[in-house]
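Taken from TrEMBL, the feature domain 'NqrA N-terminal barrel-sandwich hybrid' covers A:98-191. Feature annotation from TrEMBL assigns domain 'NqrA second alpha/beta' to A:208-353. If you look up TrEMBL, you'll see A:359-406 marked as domain 'Na(+)-translocating NADH-quinone reductase subunit A C-terminal'. Summarising the annotation, TrEMBL assigns signal peptide to A:1-25. The transmembrane segment annotation in TrEMBL covers A:32-53.
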Amino acid sequence: MRSIKQLTGGLFLLLLANFTLQSQAAASGGNLLFYGLAGLALLIFFFIVVSVADNFMVIESNQSGINGEKANMGLYPRINELFSSKKPGFLDKEHVYTLRKGYDIPLEGAASTNVDTQTKATRFAIMPPDFVGLMPIPKVTVEVGDTVKAGDTVFYDKQLDRIKFAAPVSGEVIEIKRGLKRAIDAIVILADNNQVSRAYTVPAANASRSELVEFLLESGAWPGIRQRPYNVVADPDLVPRDIFVSTFDTAPLAADSALAIAGRKAAFQAGIDVLNRLTDGLVYLGLDGRGDTASPYASIVHAEKRYFRGPHPAGNVGVQIHHIHPAGVGADTVWTLDVNAVLTIGELFLHGRYTTQRVVALAGAELATPRHVATHAGANLGELLKGETLTNVRVLSGDVLTGSAVGTEGFLGFFDRQVTVLAEGDQPELFGWLLPLKARASISPTIPTFSKFAATTNTHGERRAFVVNNDYEQVMPMDIYTQQLMKAIMINDFEAMEGLGIYELVEEDVALAEFVCVSKQPLQTILRDGLTTMMQQG
Amino acid sequence: MKALHDFVKKFEPDHNNKLAHTTYDAFYTFLFQPPTVTKGGVHIKDGMDLKRLMVHVVLALQLLYVFGTWNIGHQHFVAIGEHTGLLEGFLLKVVYGLIQVLPIFVVTHVVGLGIEFFYAARKGHSVEEGFLVSGALIPLIMPPDIPLVWLAVAIAFAVVLGKEAFGGTGMNIWNVALLARVFIFFAYPTTISGDEVWISGIEKVGTEYFAASYGWAHHAFDWIFSGLGLATFGEGGQAVVDGFTGATPLGIAAKEGWAGVEAVYTEGQIFWGTIPGSIGETSVPLIVIGMIFLMVTRIADYRVIVGGLIGFFVAALMMNAIAPADLGPDTPGVFKFMAIHPLRQLMMGSFLFAITFMATDPVSSADTPTGKWIYGFLIAFIGLIIRVMNPAYPEGWMLSILLMNTFAPLIDHYVYQANAKRRAKRTSAMAKQRDELITRRGDIKVFNGDSDYRPVGNAGTYQ
């Protein structure tokens, strides 16, 4: 079929060349243009002769039973044969998406791959603001002084009262922090030395979906499941189209996701098996295809495995969903989980215990020993960073693009897998915009970055109106016009927002565009405003 | 540096005095990258900001400024028949050029920046850098003898009605520098039409007062030069009544074709730019250097420039094809103009300058990468039609760029519509495939190298 198409195409070209040649010859004889076109026509003629011969060879090979779609029997290399980068062998039979757009910010201070089990935090917190879509004042079911086990319910939202939020560790509730307008900011627990979990009766292997959902809601593991669009806590009344899990993180200085699963592969597999029972559709695993060896998640079964190669944000689950099967409202609603949420669900079903145990990266050029530590969700950052001298720095829960500056008194966010320490950039720089003497990252060729460097929080410029230089498109590996979408959000144009793909995006997906923005616009804030508006519109 | 910063900070006016504070802020942020840190959102930011983006265009224009300054002097002396060699009287030519260019440059910035500062203070935002580029471009597209009053009026028109009325930098529909030019073009048509050459110091209708108004400066330099024993301006500093006049290459080409142009100018002169013209748009090689610089640094979008070049050659080749093969003395001028070789068309006039520096303005051009190809192509295509086929305008780029500025949002609109449709189609194709996979789940091993399934999608590269 393909060969016949090529043959007709070749004949058409022949005709076209013939006509062009004649009309030009009539127009102006004897000039350079005429000879140029004649030369071109000659080349096209030879090309066509060779192509026709080539086609007959391919047809011949097809007739002798060689599948032309798989093996290239023609003379010309296919485009992907010419330009494909050298892929490691483990990807040969796999399904790989190679993303060209994006940017890895070359930051110093990546965490070393050994896991420190000595550093222990004593205070842990669960913070209602980590979960999008809740009311500001949830119903707190514990009081200061109460003793809780890991998995005991500590609060729930009054409107979504089926979803129970659980204590990340066992211990004593020592503080309930309140913020503006008496909103609950954090429930702080002083952890026991020996962690105990609440006891569970796990549903049978053939339990119905609704039993399973009830169990997850009641157990406290449910809030780890998030729903797209909007990135809110998953709606228990809804059956998602598919479930997506990204098993790697490409953010600057991100934690090594291979460490998260070390020794816990069975739990991860159990978690994936449970997810399969929650959807009629498919469970997709986004796997890291950048390394030379297969990711440890490759041996997980009962999931559709998709490899992603390329710079940040290739590891964002939103980018992966966009390439695998875009999310949307209604029947296109999907759920996403991170590795730690899958592990929590897996442990629950495998061992009948609730644990938020996770490996967290302590990273940043300001740290003496950037490393990974084993801890639980909501650990106090100051205790994790004990022994480091921190002056004029910003301590983030999360990465430099999406993290929140909570300081050493703050706690690790529920979904965060890293702590980043950055130097504050509150130094003026003489002609800093013209002569960038201090190292800084940029996607612009006018500021070359030769090696990894220690970034600061300086804004490198002031906020301006949007200027279109297509920088966003350069770092967004999605078929979405980010800038136009932002403008549509600012003027509340619902139809345009929908058409331009607002449902596919959450803050972390546009974070890199916000980083590169020459006008220093707060894209993540604008996007969240738009998502909130769309949510209110229903 | 800390001491300098503290010293500068001492002069910071009160926030209540808006105009003073905006002005101070503009100069302060010019001198220092301020010590502001990120708040909310991302915690580190790209080193590129609008100032740096804009200043690279200004850098790309510097060679043109140097060449243009010399060329003003050179054309003046050639017209009065003194120092006709390229390097003869070099100092005199440069000084003569500076005496013409500096007032234009100063007036442009005083008027333009003054208006910007005023509006920034009134609206309560900081001064945006858009005028940095407009202010560098405007002198280059003006005739050397432009009366400064005309210039000031044109710039005020362009900045107030073309930019501030729409909300300032980033919001304007039309290219500000071209608006200033188009204002002068239509307000003073007898002098500025561009079919007669612009040589400084030669009296023309409307400019007679201004051509002679720098006599005192020439005398002052004469005094210095004679003291140093160098050549002096002498008569060369005076305005010449009834001096050399002639037609520009495009003016000739429209009537007599390339044969007529060749009788007055050599190909080399037109290429290197040693011909009369607006201050900065005559030299092809220097513009090409600027073009390459802007494309390599990705300050200007290559899509507009390459799209423009393609459009230019398509239009020029079409015209070549339409033109009759034999050009006799009775052939109408328009056919002779059409028959000119595309590369010669490219050299004449200011196409390269316009497509490199004017069309690529990130604010007024099309927003989308696809739109930029279309936008660049149409600018060149329509502009060449205006140049060759419209007898009223010897050159077409100003009008075609402003026309396409107007239509850029329309182009973008269709690109966005196409994007929305494409994504909807892709998603529905994926949904179909998903249903098929689910019904056959278990029988086949889906999606590995051996299966017949290829995932639907156009954004990923399946290899």
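Including glycine, each Cβ sits where the backbone N, Cα and C put it.
DSSP states for the domain 'NqrA second alpha/beta' (A:208-353), grouped as helix (H, G, I), strand (E, B) and coil, give 61 helix, 25 strand, 60 coil. For the domain 'Na(+)-translocating NADH-quinone reductase subunit A C-terminal' (A:359-406), the model gives a mean pLDDT of 92. For the domain 'NqrA N-terminal barrel-sandwich hybrid' (A:98-191), the DSSP-based tally of helix, strand and coil residues reads 6 helix, 36 strand, 52 coil. Sorting each residue of the domain 'Na(+)-translocating NADH-quinone reductase subunit A C-terminal' (A:359-406) by its DSSP state yields 4 helix, 20 strand, 24 coil.
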